[in-house]
Structures are given as C-alpha cells and as structure tokens.
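Chemist: So Swiss-Prot lists these for the protein:
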type	residues	note
BINDING	S50	D-glyceraldehyde 3-phosphate binding site
ACT_SITE	D85	active site, proton donor
BINDING	H86, H181, H209	Zn(2+) 1 binding site
BINDING	D107, E137	Zn(2+) 2 binding site
BINDING	G182, G210, G211, T212, N231, V232, N233, T234	dihydroxyacetone phosphate binding site
Amino acid sequence: MPLVSMKEMLIDAKENGYAVGQYNLNNLEFTQAILEASQEENAPVILGVSEGAARYMSGFYTVVKMVEGLMHDLNITIPVAIHLDHGSSFEKCKEAIDAGFTSVMIDASHSPFEENVEITSKVVEYAHDRGVSVEAELGTVGGQEDDVVADGVIYADPKECQELVEKTGIDTLAPALGSVHGPYKGEPKLGFKEMEEIGASTGLPLVLHGGTGIPTKDIQKAIPYGTAKINVNTENQIASAKAVREVLNNDKDVYDPRKYLGPAREAIKETVKGKIREFGTSNRAK
C-alpha cells in the first residue's frame, strides 16, 4: 500500500471516537517496530520524523526510501502516513514534501499570530496542491524535543485557534493545552475545557503532543473532545534504552549490535502495541 496523507485517517478517528498514534522514528529499528506493531494490530499509523531525526538518518529522502522499503519487505497493508514533526519553516516543509512526505507540521507557534497565519497559509497552499496534509500549532507545548525548547506551557487561545483554522485551511490543529515533550514532573494538567471549546468551534481533529506519561483516563477524556492524533516518542525511547542497558549489563562480552538492538526493537514494538490499544486504534485500518 502506498504512503497516504493523514487527513482521512484523522477524520475517521474523530467521527468514530478513537485516536491515531504518531510514533516518532529515530532509526531503522524504531521504524521496523512501529510498522510491525501497527500491522499486527491492524491499525493506521503516522510515522513522525523531526528535523533532528531526519538529519541523524541522513535526510528526508533517505527516511522516505527506508519506510517504503520496509513497507514492501514487511508486506505492510495498513494506511501509513509519514509526517514532518515540528517543521521549523516553509522551506523545511517544502523539502520534506518534495522528498515524499505525505504530511507536514508547520510550527510557527513562536511567531506573532499574524506571522503564524502567513507562514502556515503558504505551507498549506504548497502541500494541498500535492495531496499532503498539514498540521499547525498554537500556544507553547513545554519541554524539549530535538532543537525545539520551551520553558513553560502557554495555553492556546480558543478564538485564535478558530481564526487560524478559518484563515489557513489546515487539516488538523495542535493547540497547546498543558502537555509537554519529554518526561513529566508530576501529573500533567490538561485544559479539557479549552480542548472541548476548540474542538467544537474549529470542527477539526485535534492533536495532543507529549503523549508519553499522560494517564489513560485523560487520554479517554480527550478523545471525545476531538483529539484524534496523539504523539508518542519519549516512551519508546525509554523502553528502547532500557532494553539495550539490560543486555549490555548482563553480558559484558556482547559486541554484535543485533544482539542489543533486536531486544530494543521488541521493547518498542510492545510499547507501541500498548498505545494502539489505549488509543482505540486496533482494527481501524481501512
């Protein structure tokens, strides 16, 4: 099955009360694990790729070809979108689209509102002409992801969210509502009131960044308010690192990378399967 945009899968998720996971790629093993877990659960999936991860893997084109090769060799038949996470500029979004990405996020949330609208509109025009879906962000998601650092959380303004959607024609919106990138210090406090208002006023599928560490009860509360995409990366990274440490600590003579990267891949796969079930994505592939 060819790569698809995430527009249709998120519309279906919003209409049918579940969420699609975006699981970030960091290397070959992450990609194998996420694709295999999703295929086994018969779940649509979004492969997130940050600019930093793309650089680590040599570039957007390499990432796309790796994903396409794995989909062929692993006989992947579920819908798969490949999505630029936190695109920093129009130029980066264009570069990803030209390399074969089927979805992009333009993160101009640090810019003044009118500038955010202007940049996002430019990305939407280029992307939609090529059948590529677009996500935008308002407010500030705290924590750190690659080169994107935010000291605190700035909640999205519901009126600005509605205006951004109307002026740009984006497909999905990531309003900052209390989640953070990376591990949480204490329990997250999500703005459900704002989430409900934004979901109702925009009519769009909403995105929850920083999905690691958010309690299941909060996930289940967020989905009926319009949250249709939940991003996960840190949890998979922690599971992977733990598996590698375990192998190396138990056997000081191990040097073959397959002996420790294999268990890391299995740990990621099990983590992703757990998230798929938690988000209600199992058996939703169409």
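Just so it is clear, glycine is given a Cβ too, placed from its N, Cα and C backbone atoms.
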Chemist: Pop the Cα-Cα gap between H209 (Zn(2+) 1 binding site) and N233 (dihydroxyacetone phosphate binding site) into the table, whole Å please.
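Modeler: With distance taken Cα to Cα, H209 (Zn(2+) 1 binding site) is 10 Å from N233 (dihydroxyacetone phosphate binding site).
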Chemist: I'm trying to understand the geometry here, so how far is the Cα atom of S50 (D-glyceraldehyde 3-phosphate binding site) from the Cα atom of T212 (dihydroxyacetone phosphate binding site), in Å to the nearest whole number?
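Modeler: Per the Cα atoms, S50 (D-glyceraldehyde 3-phosphate binding site) and T212 (dihydroxyacetone phosphate binding site) stand 16 Å apart.
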Chemist: For D85 (active site, proton donor), find which of the binding-site residues D107, E137, T212 come within 10 Å, Cα to Cα.
Modeler: D107
Chemist: On a simple 10 Å Cβ count over all chains shown, which one of the binding-site residues S50, T212, N231 is most densely packed?
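Modeler: When each Cβ's neighbours within 10 Å are tallied, N231 leads.
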Chemist: Using the structure shown, find which entry in N233, T234 (the binding-site residues) has the sparsest Cβ neighbourhood within 10 Å.
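Modeler: Among the binding-site residues N233, T234, the sparsest Cβ neighbourhood within 10 Å belongs to T234.
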Chemist: Which of the binding-site residues listed here (H86, D107, E137, H209) have a Cα atom within 10 Å of the Cα of N231 (dihydroxyacetone phosphate binding site)?
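Modeler: Checking each Cα against N231 (dihydroxyacetone phosphate binding site), the hits are H209.
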Chemist: Could you check the recorded positions D85, E137 and say which one's CB has the fewest neighbouring CB atoms inside 10 Å?
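Modeler: Result for the recorded positions D85, E137: minimum number of other Cβ atoms within 10 Å at E137.
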